[in-house]
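The structure appears below as structure tokens.
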Amino acid sequence: MKLILMMNLFEMFDPSTSNNLSMNWLFMMLPIIIFPSIFWLIQSRIMFIMKTLMNFMYNEFKVVSKSKYQSNIIIFISLMLYIMITNIFSLIPYVFTLTSHLLLNMILSLTLWFSFLIYLIYNNYIMFLSHLVPLNSPVFLMNFMVIIELISLIIRPWTLSIRLSANLISGHLILTLLGIFISNFISILPINLMIQNMLLTLEIFMSMIQSYVFSILLILYFSESN
């Protein structure tokens, strides 16, 4: 029964394979294997596009970052490219969607966010404590403002991860539901395929935008620690 097979649409996000060996998580190493330039004697078109994108993003991130150590921007560029490539590869049929899982996203966001927090406390803990009380706050609200600022500080990596996961999950679910709809109405197949191609193109751009948003917010958090 088709109803039984499609009863749980979220099964496509399960990190498991048919041979009872979770090989899907090895896909996270695929961008590192495919794109290193040391294996190219002559620069390929893909590497040319990647280098052009890296130069463009470096100039963009340099404006946002207030750090005097501009070399740190390379970390965020690498993170953005990794998330973008992983998001785009996950649109290929039967490819496991890594960045739809909070586990991977939380590892990326928590690691960087926590390192920024330690860096800020180590360098200037007085400034860190002063940020917990906004300027010109009433005295009777100071304790309450400290609690609010701490909560807003703690939920930052969670909001980053949930935003990325939710956008990817919603996009994949829409494509899946549209594919089920196409299989039930063969008579209007050309129109459905055109709509699905438009949604797929939109999902590709969404994957690029989400990787940019994820990285740019981390840069803003990093600039606060400086």
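Glycine residues also receive a Cβ, built from the backbone N, Cα and C atoms like all the rest.
Keep in mind that what you see is a predicted model, and the values were worked out from it rather than measured.
Database features (Swiss-Prot):
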- 22-42: transmembrane segment (TRANSMEM)
- 73-93: transmembrane segment (TRANSMEM)
- 102-122: transmembrane segment (TRANSMEM)
- 135-155: transmembrane segment (TRANSMEM)
- 173-193: transmembrane segment (TRANSMEM)
- 202-222: transmembrane segment (TRANSMEM)
Outside the transmembrane segment (73-93), six or more residues from its ends: residues with CB under 8 Å to it: 27-28, 30-31, 35, 50, 53-54, 57-58, 61-62, 65, 99-100, 108, 112, 164, 168, 172, 175, 200, 203-204, 207-208, 210-212, 214-216, 218-219, 222
Same-chain residues near the transmembrane segment (202-222), Cβ under 8 Å, at least 6 residues beyond its ends: 57, 61, 64-65, 67, 72-73, 76-77, 79-81, 83-84, 87-88, 90-91, 108-109, 112-113, 116, 156, 160, 163-164, 167-168, 171-172, 175
